[in-house]
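These features come from Swiss-Prot:
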DOMAIN    4-167  domain 'EngA-type G 1'
BINDING   10-17, 57-61, 119-122  GTP 1 binding site
DOMAIN    175-350  domain 'EngA-type G 2'
BINDING   181-188, 228-232, 293-296  GTP 2 binding site
DOMAIN    351-435  domain 'KH-like'
């Protein structure tokens, strides 16, 4: 399912990051009372009244010609291009400015739904001052206060009201997998090798894949869909006009997938950006397969594969469940095994365990390692049941959810992995108080 994308845009210092944090209930974005502090797009999953969406916080759009200002403008333009709904923010304390008018004209030309929200309306008097913004031609402005939280319900109602059918698109029954990684690790070549034909532009120049490509095919009676991306640019680079891909595009591909192939370059080793990409895949709760490409290039001895695998496990400790496969898209080495792994991981991430079996496991697990004491109070787990797949999600009913420490939660996850085949998929355990 493809999640709707919502972009927060506006001139600097109107409070976009504060609104962003208020919506996602977190302080992911840096909030500082200084224009231009949010330079890169920041994105997170958000939810309102059962509607999930991807929220983007952008740097303020300016007309200044400095390098940083140009980067901010480029980032915002890409966010606007990718968005299904755009929220333009104004600042009631600074009233409407010429810059607001310029941004409104730019947004009007996109032909996309635009919601006008006026921030910093912290008291009744300020809420009546928003009417200057009617002249922007973007409809009724919604007064909000990012710092106090007032008006946020009205804003979120307006946002989800624009989603239409976007949030209700269903998959066609195929196993969908995305191919992600930083530029030039060989994603396009790998897709070509899997498909056995040229379907996308391939060259050694970063970002030569010009648009998103979803390709559906059948292998051994199983239908697959590849969601291909052009990788993730290094932070701080200005995007070229023809470059449509970004961190957001990779996240969108992950969200639309059941499984993600995280592609690493054997010839260059693991870089910091690889870790960022891996984090997106893990956080989305999708299945993950680590594909080490270009294995034909590095000079190797008999231990090099083991050494590289050890490095991966050390650098990506949170992906300890992900299988690793070493391939060469150029020579075709082990490429046929990728689809076998995709099918296996899909079976694992959709696996359901009967409650009676789970509770037998729980009884044995708590016997091996008793539940902990927290401030003199012992955690009591009454029973466990599976409530979802993709990823497999389990609920334990307890006397007090606050007593389930992450270390004991990790112990229970390890017990599940030891007893059932969950290779390639994360596992979630939620605690609920027994009524």
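Cβ from N, Cα, C; glycine included.
Look at the Cβ of each of the binding-site residues 13, 58 and count the other Cβ atoms within 10 Å; the largest number goes with 58.
In this structure, the C-alpha atom of residue 10 (GTP 1 binding site) lies 35 angstrom from that of residue 187 (GTP 2 binding site). Ranked by Cα separation from residue 58 (GTP 1 binding site), the binding-site residues 181, 184, 187, 295 are led by 181. Taking the C-alpha atom of residue 184 (GTP 2 binding site) as reference, the shortest distance to any of the binding-site residues 13, 16, 121 belongs to 16. Summarised by DSSP class, the composition of the domain 'KH-like' (351-435) is 31 helix, 24 strand, 30 coil.
The Cβ of 187 has fewer other Cβ atoms within 10 Å than any other of the binding-site residues 16, 187. The binding-site residues shown are 181, 187, 295; of these, the one with its CA atom nearest the CA of residue 121 (GTP 1 binding site) is 181. It is 48 Å from the Cα atom of residue 13 (GTP 1 binding site) to that of residue 295 (GTP 2 binding site).
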